[in-house]
Amino acid sequence: MSHSVKIYDTCIGCTQCVRACPTDVLEMIPWDGCKAKQIASAPRTEDCVGCKRCESACPTDFLSVRVYLWHETTRSMGLGY
């Protein structure tokens, strides 16, 4: 399974995504761009299971997780065997 995780600029530093993640792929890092002075880090996508709990927990739609199963990806690219 491969994952593409998009991070947008609307993080408010609430830590909801970090607390929701069952595999701890996110962490908060210092950032001066919001009141909380922290932002969710880029996730370790190799450990992401694609459950989208972080996305569901986010109150500002900061995270977008797209999960592609290998056979679906190859089929959509015309590479299915």
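The backbone N, Cα and C atoms fix where each Cβ goes, glycine too.
[4Fe-4S] cluster 2 binding, as stated in Swiss-Prot, involves Cys48, Cys51, Cys54; the candidate among Cys21, Cys34 given for that site is Cys21. Ranking the binding-site residues Cys11, Cys14, Cys51, Cys58 by how many other Cβ atoms lie within 10 angstroms of each Cβ puts Cys51 at the bottom. Nearest to Cys21 ([4Fe-4S] cluster 2 binding site) in space, judged by Cα atoms and limited to the binding-site residues Cys11, Cys14, Cys58, is Cys58.
Cα-Cα distance from Cys14 ([4Fe-4S] cluster 1 binding site) to Cys54 ([4Fe-4S] cluster 2 binding site): 12 Å (rounded to the nearest whole number). DSSP assigns Cys54 ([4Fe-4S] cluster 2 binding site) to a helical segment in the three-state reduction.
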